[in-house]
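*Asks:* Below you'll find the structure I mean.
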C-alpha cells in the first residue's frame, strides 16, 4: 500500500513538474518569432538546467541505492531536454555580446556539474556520502531557483495585478511542490523534500495573491476592451476621412 501511494504521488508529481518545464515555451515561441531575445534573461534557465542535471544524477544508481529514486530521473531527465533547448534557442537568437555572456555562465556551470559527478562517483566510496554531497548542492541550487518567483511576486504586489503571474502556472507550481514534499517525506529523503519546504509556502503565497488581485484584473479587462474599441473606431474614422480627401482632391484639380 505504501509503495503504491509513493508511485501515485510520484507520477502526478512528474506530470505537474513537466507542465512547469513546458511553461516557458510561450516565451521562446516569441523569441523565435521575433528572432530576438529582447530583455529576457537566460540565467533562470541555466540554473534550472543545473538543478535538473544534479537531481538526475542524484536519482541514478551511481548515487542512490539502485533505482530507489527513479521518479527523480524521469522528471529531471525531461527537464534537462526542456532547459537545454531554452538555453540553445537563447544563444541562437542572442546578440554576439549576449552569446558571450551566456557562454561565460553556462560553461562554468557545466564544468561544476562534471566535477561534482566525478568526485561523487570516484572519491566517495558509498551511496550515503554520495547522496550527501550531491543532495546538499542540489538543495542549494533549488533554493536559488526560487529567486525568480519572488521577483514576480514583488512585481504583482507593486502593480496590484496578476497579469505577469498566470494562475495555471502558479497552481502547477503549488501542486508540484506539495507532491514532491509528500514524496520526499514518504521515502524519508530530506534532499527530495527540502526544496518543496520552500516551494510550497511560495506556491500558497502566489495563490493568495491571485485571490487578492484577480478581481482587479477582471475589472480592468472591460476597460482595456473599451479602450481598444475606442482606438479602433477613431482609427476607422480617420481612415474614412482620408479616403474622402483622396476622392475630392482630384475633382477640385480638374
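Going from the start of the chain as shown, residues are counted 1 onward.
Glycine too: its Cβ is placed from the backbone N, Cα and C atoms.
Straight out of TrEMBL:
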- 6-28: transmembrane segment (TRANSMEM)
- 40-60: transmembrane segment (TRANSMEM)
- 72-93: transmembrane segment (TRANSMEM)
- 105-125: transmembrane segment (TRANSMEM)
- 131-152: transmembrane segment (TRANSMEM)
- 164-184: transmembrane segment (TRANSMEM)
- 190-209: transmembrane segment (TRANSMEM)
*Asks:* Are there residues at least 6 beyond the ends of the transmembrane segment (105-125) whose Cβ is under 8 Å from a Cβ of it, and what are they?
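*Replies:* Distant contacts of the transmembrane segment (105-125): 42-43, 46-47, 49-50, 53-54, 57, 62-63, 87, 133-134, 137.
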*Asks:* Test of understanding: applying the rule of at least three C-beta pairs under 8 Å (pairs 6 or more apart in sequence), is the transmembrane segment (190-209) touching the transmembrane segment (6-28)?
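*Replies:* Judged by the Cβ rule, the two regions do not touch, with the required three close pairs absent.
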*Asks:* Mind checking which residues reach the transmembrane segment (190-209)? Cβ under 8 Å, same chain, six or more beyond either end.
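*Replies:* Distant Cβ neighbours of the transmembrane segment (190-209) are 58, 69, 72, 131, 134-136, 138-139, 142-143, 145-146, 149-150, 153, 156-157, 162, 165, 170-171, 173-178, 180-181, 183-184.
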*Asks:* Quick test of the contact rule: Cβ under 8 Å, at least six residues beyond the ends. What residues does that give for the transmembrane segment (72-93)?
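*Replies:* Tertiary neighbours of the transmembrane segment (72-93) are 13-14, 17-18, 21-22, 24, 28, 31-32, 35-37, 40, 42, 45-46, 48-49, 51-53, 55-56, 58-60, 99, 102-103, 106, 192.
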